[in-house]
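The feature domain 'Pentraxin (PTX)' is assigned by TrEMBL to 3-202. The disulfide bond feature in TrEMBL is assigned to CYS34-CYS93.
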Amino acid sequence: DLYRKVFVFRKDPSDAYVVLRAGLEQPLHNFTVCLRSYTDLSRPHSLFSYATKAQDNEILLFKPKAEEYRFYVGGKFVTFRVPEGRRDWEHVCASWESATGIAEFWLNGKPWPRKGLQRGYTVGATAAILLGQEQDSFGGGFDLYNSFSGELTDVYLWDTGLSPDKMRAAFLSLRLPPALLAWKSLSYEVKGDVVVKPRLRE
């Protein structure tokens, strides 16, 4: 149980990462991924990387610069421009539904204008899911200068699009529906220089 704990990625740049294991039975037609990050990086970095053998950027949350997030589904991406962070924790949720191709992006409990992405696509189920690196091949192919350095916590993946109420609940760390990946019951393996520590503050 990682409640009130964080992964600290100590080095910059880094070859370290965390492998997550999700019980995925079938391909995803909808999903929501949420996480909280704390970093002073200004270079590009990967937050959440979900690769299949067919597509290395099957799901990717990537921050190319301080005022921009990129959300990938099936190798295509949409960009969400955000205010430059105040060097504080940032909570992001990104959701996608195949039927409409609607991509939602929430930052610190607030929604950004929705965008269109990969309508009719299906996300493969046999996946390598990593925190801290961006995969250019299945489970590997890392570029150190896209690595994450800092703290990550509250990582979740659902096989549904969360309602606005639940998006806000995720930001506030309230009760959440059962998830494929849940921070409070996470199956993970640390590779390299990543330390689990208590959160410094709420």
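Backbone N, Cα and C define each Cβ position, glycine as well.
Heads up, TrEMBL stuff is auto-annotated, nobody curated it.
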Subject >> Cβ neighbour count within 10 Å of CYS93 (disulfide bond) >> reply: 25
Subject >> Arithmetic mean of per-residue pLDDT over the domain 'Pentraxin (PTX)' (3-202) >> reply: 96
Original post:
Within 10 Å of the Cβ of CYS34 (disulfide bond), how many other Cβ atoms are there?
Top reply: 26
